[in-house]
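Structure first, commentary second.
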Amino acid sequence: MYTSHEDIGYDFEDDPKDKKTLKPHPDIDGGWAWVMVLSSFFVHILIMGSQMALGVLNVEWLEEFHQSRGLTAWVSSLSMGVTLIVGPFIGLFINTCGCRRTAIIGGLLNSLGWVLSAYAVNVYYLFITFGLAAGFGSGMAYLPAVVMVGRYFQKRRALAQGLSTTGTGFGTFLMTVLLKYLCAEYGWRNAMFIQGAVSLNLCVCGALMRPLSPGMDGDGPEGKAPHHVLPAHSTESIRSSGQLRDAEEKRGGPGPEDSSLGDAPAQACQEKAAHRKDMCAFRLLKTVSQLTMRVRKGFWDWYSGYFGTASLFTNRMFVAFIFWALFAYSSFVIPFIHLPEIVNLYNLSEQNDVFPLTSIIAIVHIFGKVVLGIVADLPCISVWNVFLMANFTLVLSIFILPLMHTYAGLAVICALIGFSSGYFSLMPVVTEDLVGIEHLANAYGIIICANGISALLGPPFAGWIYDITQKYDFSFYISGLLYMVGILFLLIQPCIQIIEQSRKKYMDGANV
């Protein structure tokens, strides 16, 4: 689902020296690495699965607050969009705090957002507690899960990422069934409270994200101030202060004959207390200095990685790819949010309760990712051709969906949507073809932001169209049309490049 973010591991913390030490590590491609895959799998279930099942809660919110569909859809789209949009900015937390702590804090924030949303009095309350708080927490827990899998695997990275991201499909199926049951038995408020408790398992998944070396994630010796080592200037300061005391004693201080024997222990205690005070002050200063340097380094790495990539925007094919991401993702998200209500409008609730249409998309999506990935790896087939064919199939399914008014017809179209959307697993490969391996992480972060904006605006747009026309048909047609425009951007740019290259050759030949 959110696999535009799923199938590649970012390395925010490692510098070149760290990367050299990763290869001989015994946990690379084995051992604890598979625990990372299991942890990431459950993160995908708890975050992406629950977000793709929000259509169940969207129906409850419409009945509870009696607001327009466009306004109510902002709750789900905010949560989904913020999770993706903040992805590049979570790198700042990863650089300074490490993956483990970032994921644990994200799990707590996500759980808090669910619990606070159970006490919502209006839709605007949900914007803050669920859309922003839970969405930001999801982003903080989700990105470290992807990063750690990428760090623990080198030879089997694609396999590991593929296995971990299947949690999205399983989670969508499981969370849809779970939320429907909880809402029916306990009401939507108690369902959100229970889901908040379940989301605390994200902290367990984060605790399993053990850094590869002691210095990473700030958990090792490098992240703590030493207890017995002082900087050079501190020892010199203590030494100089001691010399000043001796000089004062020689110049005008009382002689041994003038001091009583009882004052010697008190003076020694005072000197020890002053010495300990100086030591504590120096340790505190060193700790603050180390923390400041760590934050500055983390911020600079983050800034240079995501905002120092202006050269990417000189690649017109990559710019076209960004436009495609802006238009394409909303067409995939809209069915997940609005299908449960569409089923109610068509009086198909009983059949949908037996096997929800969103679950069909989720399950077939798993097979689509695997099959399309295998086909794209064949030496005789171009990844771009598979990518474009899957896009055309998806946009065609979006256009056909409003024409289906039976459960069987909708189920077939949902299966096509699920299978063709498996092209998300090919997006890292396509991005690498466009910008090269050295710019892959930065370029992919930009694509993620574009996907997040699309997920943020798509569902409210569909709700507003329904409020105006009293039909969801036009929202699918318009989103499909915009999706087609994005695909045309991808097709036109290579043609323009070929024309420009031919023109350049012609001009060079004329000059000769």
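Quick reminder: no glycine exception, Cβ is built from N, Cα and C everywhere.
As recorded in TrEMBL:
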type     : residues : note
TRANSMEM : 32-54    : transmembrane segment
DOMAIN   : 36-498   : domain 'Major facilitator superfamily (MFS) profile'
TRANSMEM : 74-95    : transmembrane segment
TRANSMEM : 102-121  : transmembrane segment
TRANSMEM : 127-147  : transmembrane segment
REGION   : 216-267  : region 'Disordered'
COMPBIAS : 234-243  : compositional bias 'Polar residues'
TRANSMEM : 317-337  : transmembrane segment
TRANSMEM : 357-376  : transmembrane segment
TRANSMEM : 383-401  : transmembrane segment
TRANSMEM : 407-430  : transmembrane segment
TRANSMEM : 442-462  : transmembrane segment
TRANSMEM : 474-496  : transmembrane segment
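The transmembrane segment (442-462) shares the most Cβ pairs under 8 Å with 74-95, out of the stretches 74-95, 102-121, 127-147, 357-376, 383-401. Proximity of distant same-chain residues to the transmembrane segment (102-121), defined by a Cβ-Cβ separation under 8 Å and at least 6 residues beyond the stretch ends, is recorded for 43, 47, 90, 93-94, 129-130, 132-145, 189-190, 192-193, 195-197, 199-203, 205-207, 209. Counting residues 6+ beyond its ends, the transmembrane segment (474-496) has Cβ neighbours under 8 Å at 316-317, 320-321, 323-328, 330-331, 334, 338, 388, 391-392, 394-395, 398-399, 401-402, 458, 461-463, 465-466 in the same chain.
In this model, the domain 'Major facilitator superfamily (MFS) profile' (36-498) carries an average pLDDT of 79.
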